[in-house]
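Per TrEMBL, the feature compositional bias 'Polar residues' maps to 401-418, 952-968. Residues or ranges marked as compositional bias 'Low complexity' in TrEMBL: 431-442. Residues annotated as domain 'ABC transmembrane type-1' in TrEMBL: 302-657, 1010-1293. Residues or ranges marked as domain 'ABC transporter' by TrEMBL: 700-940, 1322-1558. Under the heading region 'Disordered', TrEMBL lists 394-463, 949-968. According to TrEMBL, the feature transmembrane segment maps to 6-26, 122-143, 187-207, 300-320, 340-360, 490-508, 514-533, 1003-1029, 1049-1073, 1147-1165, 1230-1251, 1257-1278 (among others).
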């Protein structure tokens, strides 16, 4: 009685009732008291555990209308239907004893009869009654009680259904058993139907109730994933509306995608994960991997369970095939289970395996996207705490002089998206890790050394984008993050592989006896072989990634300084250098591909050897017959084992790479140097504050303090010399007024501001050491190299502050921005572009200043904001802004070289010397009295100012920016990246496929197809031959079957695929590398040959992405995908053909399956391409915001704007997550459907073969084997075809860049004579220019002549056309008219010849990472003596002393972008580089604006005296700089107002230059300079 299966549901009901009773007791008042007592004992543990709002939602749902509480009308209807079903089942259960004891019931009545009913029947009735009670509770009580009752009811009904299935349904599957309750008749089947509906069908289709993660932020429109039923989740039916909507649209835009699920919102993820990951959220210090496992413990528990279940389902097909073929071999004799059951078993096993596997991917990809968001935000928030410092190639992180404003490192911003791709391969991590360790620097070499040494030196030049801290951080959130997520499938190595192989050996043992262990022994013996090859592959891959890094670094730096390369005419030289790097990289890719071929062959041969050993042992040694049932079922298992081997060797490198990347991120989070305020207690300097700290709280200054750019106390080894800012006594800035910090270039003026902001490391020198910057009233900061966001001008000024129209307009006026805004059609709504490329240097400086002035901060730190301004504008800023009402009573600390100009509004001054020591401090009069040197400098500057402060032209100019911006009314200059719609174009595919064959395309494709077809025929022949061998046992006695003969033939057939596959593989990948080489060359040619206008409107990051990420795709994932498509197409067609030959009837179903699979693929692809494009476009803003914020880190921290940037980062991560989750989920949609179609085909074929016609077992086994291969390969074919088309986006993007606008290419006729240029004579006739072909003219019919060796000064207001003239001389913009250089018209001359013989020095110099020598002479053309002479002439030695051990030498390392040099030092190096070129024409565009007066004087002297045979065009704001020039050109609105010698212009009574000089207080000196007389004061100035 007690063992009766009907009693088991009753036990389950009792257990349920006990659990509910215990819960009720716990919720009672005594239970609550007990819980409170226990909670006090574990309070400490609770404090350390994350608090996520996971329990509170239930309490919130116990309010409101009942139906609303229980999920709304639909869910309530399902619950009500289940309750009614329980009542019906109860009625049927009560009727069962009546039906069985009808006579007794009539005589005794129902209740007495029930007492004598058998106990199992009573247990069934009790269970039904309990289920009905639970059903009643589920539809009548509050949410929490209803939910609990529903869960218990589902469990009880499932146990009840299982009991009936075992008793009454299982016997129907057999030949010799009957249902136990068959006597109940129709009542039994009624009960089974009702029970199936309420226990299986309804739970499968009832929608899930939406329960928000955070009840305070309940979603108005929940993600359908959160409300999907079990059936919808299994088949991804909730995706149908999205997929079919995409069919009806050209492009599925981002706003058409469903909203994020609650648990995917970045803010909820942050709340959930940061307590375990962020060291500033009180987490225990542990490795990042274990912290992530703690965060995602639920997900990985589910994934482990799915992996185990998936392993079990993989054996369904072999078991089903084995029993089916046994049934056919024996003619049904001795069979217990009906054959249709095994046919259904094959279908259910395949389809359930597919559901489980898709769930695995669903959970793992969801975890991947969440991990991406969490780690990106984690690194971002941690980066807001780190100390910014330039990291040098030789790890000498501070050598040289005072570092410039850390914001200047924005040059690295464009590297953010270099590696940001979902297609990132396993190789990525080697790229980052190998490059990080490569820190050797090419030391200077004398020219006596041969070119090989020079090349080696160049090779040793650091090749990583992590040469500086910003590059490292960007690498972490791109390359390393992708590598970490690529390593997510570690569960597929353990426990999946060991469990799978164990089950396979168990199955083989059951059908082939102990020969299975021989197979295992062979496999284990062969296992070291792929290991050895894999070790070699890793070595080659490491070298390959180093070579890739070398190319990527060169490409990245080239793109960052592309404007300079074009101006210098270096395109061909740089292209040749990149081609050389590319060729080396391709050689290592080829080696890698050959080793991949070796490992593929080994992985294919090992299972074949295993199979041979197993079958040989079974037939020769054990003497058994190899029947069809054993052959074909074991063959399937051997295929499974082969797949496991391949999976291990595919995943292991990813896991190793992920481990390295996790370590790098972990090191960054735990070991990166932080600002002092975030440092750990042992690293934090002791800050001694005097007792009167209350009185000093508003003071700004230092006492006995020293500061360095990094804390080296924790690092081993002898520290190299680093710049140190030292305040030996006291320094207090005056509150409520303007303070000046002055000193020579490289003295540490910026460092003093950084020290106040806490950006430098504080070194207290005694018990009274102290520094302070009060933050309570707010701090604003303007960097020397202006930092602007890629937003509108207005947004840059407001910087998140509330808009006050009156204050805003006043700021525009005082910062002299009104006139500039008039030049833009969109006014202040004009976007400034990437790094502010739409603004001039002066405009950027004033926007940065306006941001500081507009803010409500009491303290303003301004770093040389006057350097980029002409005298008139600077004077305006001084008089209107610094002396205006917005600055009044605010504390301003201003770094400046314009001491004389700024002294009129300053009350306090601090003077530094070149070693970072304070020379003097106090009021202007006090400092002048103490510091004779400074007094003399101020006096001289005052003379200069009197000469320059008059406006050259008071009329409103037509700005060159009119042509440059040509802004639309919406203010956009940088266009959003185009999102292509529809399918990937055939020209994109054709571009790659035709490039593969080169000049012998027909021969290439014939050779490839021949070898691949022969390989596939041989593989099918293996399977057929085993079937033929096994059929011999049916027609001949076992003794007549020559086993050795068949084994020899089988071994021969096994060798053929390896022999055929290898040449086909080599032909294909040789062609793929040929295509890669050609595309890279064409892309480089296109980008290097484009126009400056195109570069203005295209962010550098986009160009770099094409040259790195997209090139990486065509090197690896794209050609790999194409070969998979070609091979799988061959596999699918050949297997279908094999099935059709043996079963011609199935040609129509086979074609139908292919058509349906293709149809699903087409529908899927339409949605997937749109989502993929949206995903790519959503990723770029995440990385762009990250890069921009890190570049402006000092400004952000100074303003205290970290929170706003963190919130913006979370919003951008949400946008990416939304499309990324959908991208992966749509994959699941197509996979499950194609798997279903394939399973139906296999099942239908099996049913036809078994029931349709008589056929021998070997042919049935062969057909089933082919069918299983056909149906499973359709899925892979559809998916890989779609993936290839998605990845073809890279080819499409490259193809679009091959057709960008180009400058004229070089021709034979455009080559000037060899002697040219013999002189620097320039003749211009009717020159007009515009920035775009349809833009307005910025130069109007200019005509002039400059003799060789003349110095010509060019002056004019902002926008008068000065820079446009220099660009038009180099043909950088569209021009009309004629320019003759040394007698030859430049219009027909090759651009390379023209620009390589003209040198221009831009206002913002561009430097590369490497040594100073490599920056001056990148192509190794000069010796050291020449380089040192150039440095001397450029004024470097005049700003540093020989005794200064931190002075710059030829071997000094230069950080990327010159991040470890001040702006003035960079301008000096750019000037020296120009001198080395020895051009006959030299153009200086404000080349000394950031250099102090003393150094500028030395430079001007060099230009006058040492370059007398060079024609010089000098754009300058300082009249003193150009008053002794041979000629002066005055420009206005693109026209020449005056042009002639200074003396001639001064004789023109109505001339503007004469008016300026006559009004000057130093008229006589200016006239003397114009007359060519040597004037002491002028020269000394």
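Each residue, glycine too, has its Cβ placed from N, Cα and C.
Only residues 6 or more beyond the boundaries of the transmembrane segment (340-360), in the same chain, are considered here, and those with a CB under 8 A from a CB of the stretch are 173, 234, 236, 303, 306-307, 309-310, 313-317, 319-321, 323-324, 327, 1228, 1231-1232, 1235-1236, 1238-1240, 1242-1243, 1246-1247, 1250-1251, 1268, 1271-1272. For the domain 'ABC transporter' (700-940), the predicted model reports an average pLDDT of 85. Under 8 Å from some Cβ of the transmembrane segment (1257-1278) lie the Cβ atoms of residues 317, 321, 324-325, 328-329, 350, 627-629, 631-632, 635-636, 1020, 1023-1024, 1027-1028, 1030-1031, 1034, 1124-1125, 1128-1129, 1131-1132, 1135-1136, 1138-1139, 1142-1143, 1150, 1153-1154, 1157-1158, 1160-1161, 1164, 1230-1231, 1234-1235, 1237-1239, 1241-1242, 1245-1246, 1249-1250, all in the same chain and six or more residues away from its ends. If one looks beyond the transmembrane segment (6-26) by at least 6 residues along the same chain, the residues whose Cβ comes under 8 Å of a Cβ in the stretch are 35, 119-121, 123-124, 126-127, 130-131, 134, 148, 152, 155-156, 159-160, 162-163, 167. Here the transmembrane segment (187-207) has long-range neighbours at 71, 74-75, 78-79, 81-82, 85-86, 88-89, 92-93, 95-96, 99, 154, 157-158, 160-161, 164, 168-169, 179, 181, 227-232, meaning same-chain residues at least 6 beyond its ends whose C-beta is under 8 angstroms from one of its own.
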